[in-house]
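Q: My questions all concern the structure below.
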Amino acid sequence: MEPKRIREGYLVKKGSVFNTWKPMWVVLLEDGIEFYKKKSDNSPKGMIPLKGSTLTSPCQDFGKRMFVLKITTTKQQDHFFQAAFLEERDAWVRDIKKAIKCIEGGQKFARKSTRRSIRLPETIDLGALYLSMKDPEKGIKELNLEKDKKVFNHCLTGSGVIDWLVSNKLVRNRQEGLMISASLLSEGYLQPAGDLSKNAADGIAENPFLDSPDAFYYFPDSGFFCEENSSDDDVILREEFRGVIIKQGCLLKQGHRRKNWKVRKFILREDPAYLHYYDPAGGEDPLGAVHLRGCVVTSVESSHDVKKSDEENLFEIITADEVHYYLQAATSKERTEWIKAIQVASRTGK
């Protein structure tokens, strides 16, 4: 039987011979990590066995290079991967750690379910509950919260989640709300944000979910992002960087001149609405910016304007100045999420 694919996506990998960092399509399997030069490649460029390997995160071997994790194999070979942002790295770290633990214990990898262990009523459909929580009108309101000189965008508080469950009569009391919330967390419908909730979720606290206004959580597809506050009040950000970050990640972008496709890290901001793109392997300055106010964004099934690059999951942004940008997501779901987020941003601010 083929090993199960646990997680896949773009990460930047450090070369093992030369000190170069390049974006790779990385696939986490139950027994190892495969990395490909392109998502469409049939055979991997390399494979890292996980049996006996150790994981180091955060890895601070490279100074300014953020969100790096290190895997050391039994042969003492180090492999370094860099994620686009903190939450992406944390998600990879959680799954790699769990895969290594499952190999050690001779178990199959499975997303942890607390339904049986906490005697959750069979009548509760966590998927349906999640959709109710995300309802724009009746669901939980996402907040921008500040703590320890960090701003947490699009997040929820532990006590806020339980308040909502109680007020909507979905649970009889806060204790029952705590059980349901722990299940939502373990099934991946909620993610921990910030040290307090992460430590609890990792098993340091008695309950993996905390009924506290200081414990922060977020929906996995909400555009959550945590950013450091500048302590220097004299720093005036350029206008286009003032907006709140609502989504980020890697996409393929077609060049305007040569029409070739390259992996780029994208950061979407609203009010003012800008989409900045970067070389994912380095450099803090963007390669370019797309002003989204009044733009049109649509999915593209096939187009003579698009030089063929495995034509699935393409979408196009046409700016108010009629500049065309062609982008490609890794999956249909990811394409839909980006289109929706860009449409929302394009209607805000300047």
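Glycine too: its Cβ is placed from the backbone N, Cα and C atoms.
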Q: Pick from Ser117, Ser303: which does Swiss-Prot describe as phosphoserine?
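A: So the answer, going by Swiss-Prot, is Ser117.
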Q: What is the number of other Cβ atoms found within 10 Å of the Cβ of Lys64 (N6-acetyllysine)?
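A: So the number of other Cβ atoms within 10 Å of Lys64 (N6-acetyllysine) is 6.
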Q: List the helix, strand and coil residue totals of the domain 'PH 1' (4-101) as derived from DSSP.
A: 16 helix, 41 strand, 41 coil
Q: How many of the residues that make up the domain 'PH 2' (244-347) does DSSP mark as helix, as strand and as coil?
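A: Going by DSSP assignments, the domain 'PH 2' (244-347) contains 15 helix, 45 strand, 44 coil.
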